[in-house]
Amino acid sequence: MRPWTGSWRWIMLILFAWGTLLFYIGGHLVRDNDRPDHSSRELSKILAKLERLKQQNEDLRRMAESLRIPEGPIDQGPAIGRVRVLEEQLVKAKEQIENYKKQTRNGLGKDHEILRRRIENGAKELWFFLQSELKKLKNLEGNELQRHADEFLLDLGHHERSIMTDLYYLSQTDGAGDWREKEAKDLTELVQRRITYLQNPKDCSKAKKLVCNINKGCGYGCQLHHVVYCFMIAYGTQRTLILESQNWRYATGGWETVFRPVSETCTDRSGISTGHWSGEVKDKNVQVVELPIVDSLHPRPPYLPLAVPEDLADRLVRVHGDPAVWWVSQFVKYLIRPQPWLEKEIEEATRKLGFKHPVIGVHVRRTDKVGTEAAFHPIEEYMVHVEEHFQLLARRMQVDKKRVYLATDDPSLLKEAKTKYPNYFISDNSISWSAGLHNRYTENSLRGVILDIHFLSQADFLVCTFSSQVCRVAYEIMQTLHPDASANFHSLDDIYYFGGQNAHNQIAIYAHQPRTADEIPMEPGDIIGVAGNHWDGYSKGVNRKLGRTGLYPSYKVREKIETVKYPTYPEAEK
């Protein structure tokens, strides 16, 4: 008897199991024909599952083909290993069949439905409360009005935190939290493999290259974003990024003295032809392309933020609240891999500061920004949001101490903050001194800003001004540390943006009729170019259909996710 008989039984059993699963899903679709509304809601999910299962079935088919061995002597070692893999696949197939049956038979879990109803009830009760309290305020005057208004805001905060806490638990129930962790990890590893493949060509002399010079005339956060922009264009045009950083204003030895090289195999910009950027199509036959700063970029390729890869978009929308930020964060993650000495510095600073959770990061940018790019904000304005978030955290964890990491370029601010809010702040004032204008472009200053950004990104929540590049970099890094940290911030001024980005658009989901001359009308489906959120329930933007600029209720729109056909680098998976 041939030794492959048992193996082929396994193979046939596996293929039968997959066929059964595909038949079951198809039958589910047929049975749902008498409920067309339900079917339409579930169709996209089921088709996605079906596509994944088809792919897995194809993988199994290939494995089966690889076991077709001709007559004659047989080396059973590798084959036995393949059979074991197939056995594992069979177990997984059975598990997926059972899980899918449970899902379609029982619907959502009990905890999910309990929380959903609690949130629904909380929203209704909030509305009842608002109506009642506002009616009372109409009949009050003077001190009585002030007292009642203060109590009203206090109670309103309790309502809001209750609903937000329930929403958090809803996001974790029925295995959703575990799924989100795994999906975010899988997506990150996929993108990092693709970047690593692009950056390490087998033959550097033949590789297409994109040259980026780090010495843009601005600070560290701005320069890092400049390199990220270069990297995204390189990734989109399938060119290895060559980062020129000698005589960097922060470290004359270059980027590699602080962070790991962007390539292990290709750092030489030489090639048979070189030219300045003139567009992806025109540069097709140019081996080495030099990229200008984004302000001078023409023509503009589609790969600029806030676009995300078409092949990842559906998965990103499910797992993350701001896919565009997540996509930017992947390039930041690759770029700022620290050299061993920097890793040691970070570990020592963490120990010295006593940095541990829960902790909220506060970044206050003063000096050259105030009066030009940003308004002055007193420390009290930041601390309002710090207190609010600690109260929210206390709903779901033990807050043994309210810790705040303060990062600022104003050395006098830490003393002021500690006087007004004793026992809150864990910070290093020497970093503030190094961030001052007279010390800004030194290696010590670079160490300081890197440490500040690191600790801000590690915080549970971030309070800052998004007009600051440092704050936005910290927020980007934060996205790489959690499945979805898109809501873990409060900006006192701008919404998130990437310098040089393409238009940021939203889509109206509800109609709006202006009540004042400052507002704009909207109809469902209108495209709104957003200029900013006023953090008072209203945003400002332009209705692109009407050409009118003004205010509109923020809840009446949703984000328009822009997708681009980026390369998928299948070679990275081999």
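Easy rule for this one: first residue shown is 1, then count along the chain.
The backbone N, Cα and C atoms fix where each Cβ goes, glycine too.
Straight from Swiss-Prot, the features:
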type	residues	note
TOPO_DOM	1-9	topological domain 'Cytoplasmic'
TRANSMEM	10-30	transmembrane segment
TOPO_DOM	31-574	topological domain 'Lumenal'
DISULFID	Cys204-Cys266	disulfide bond
DOMAIN	206-492	domain 'GT23'
DISULFID	Cys212-Cys230	disulfide bond
DISULFID	Cys218-Cys222	disulfide bond
MOTIF	299-305	motif 'SH3-binding'
DISULFID	Cys464-Cys471	disulfide bond
DOMAIN	501-562	domain 'SH3'
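Sequence features, as recorded in Swiss-Prot, placed on the structure.
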residue: Cys204; record: disulfide bond; Cβ within 10 Å: 18
residue: Cys212; record: disulfide bond; Cβ within 10 Å: 24
residue: Cys218; record: disulfide bond; Cβ within 10 Å: 14
residue: Cys222; record: disulfide bond; Cβ within 10 Å: 16
residue: Cys230; record: disulfide bond; Cβ within 10 Å: 25
residue: Cys266; record: disulfide bond; Cβ within 10 Å: 21
residue: Cys464; record: disulfide bond; Cβ within 10 Å: 26
residue: Cys471; record: disulfide bond; Cβ within 10 Å: 29
Report the mean pLDDT of the predicted model across the topological domain 'Cytoplasmic' (1-9), rounded to a whole number.
49
Rounded to the nearest Å - Cα separation of Cys464 (disulfide bond) and Cys266 (disulfide bond):
38
Residues of the domain 'SH3' (501-562) by DSSP state, where helix covers H, G and I:
3 helix, 29 strand, 30 coil
Quick one: what's DSSP say for Cys471 (disulfide bond), helix, strand or coil?
helix
Determine, to the nearest whole angstrom, how far the Cα atom of Cys222 (disulfide bond) is from the Cα atom of Cys204 (disulfide bond).
29
Rounded to a whole angstrom, what is the C-alpha distance between Cys204 (disulfide bond) and Cys471 (disulfide bond)?
36
I'm trying to understand the geometry here, so how far is the Cα atom of Cys212 (disulfide bond) from the Cα atom of Cys266 (disulfide bond), in Å to the nearest whole number?
14
Spatial neighbour of Cys471 (disulfide bond) that is closest, considering only the disulfide-bonded residues Cys218, Cys230, Cys266 and their CA atoms
Cys218
Per DSSP (three-state), Cys464 (disulfide bond) is strand
Using DSSP reduced to three states, classify Cys204 (disulfide bond) as helix, strand or coil.
coil
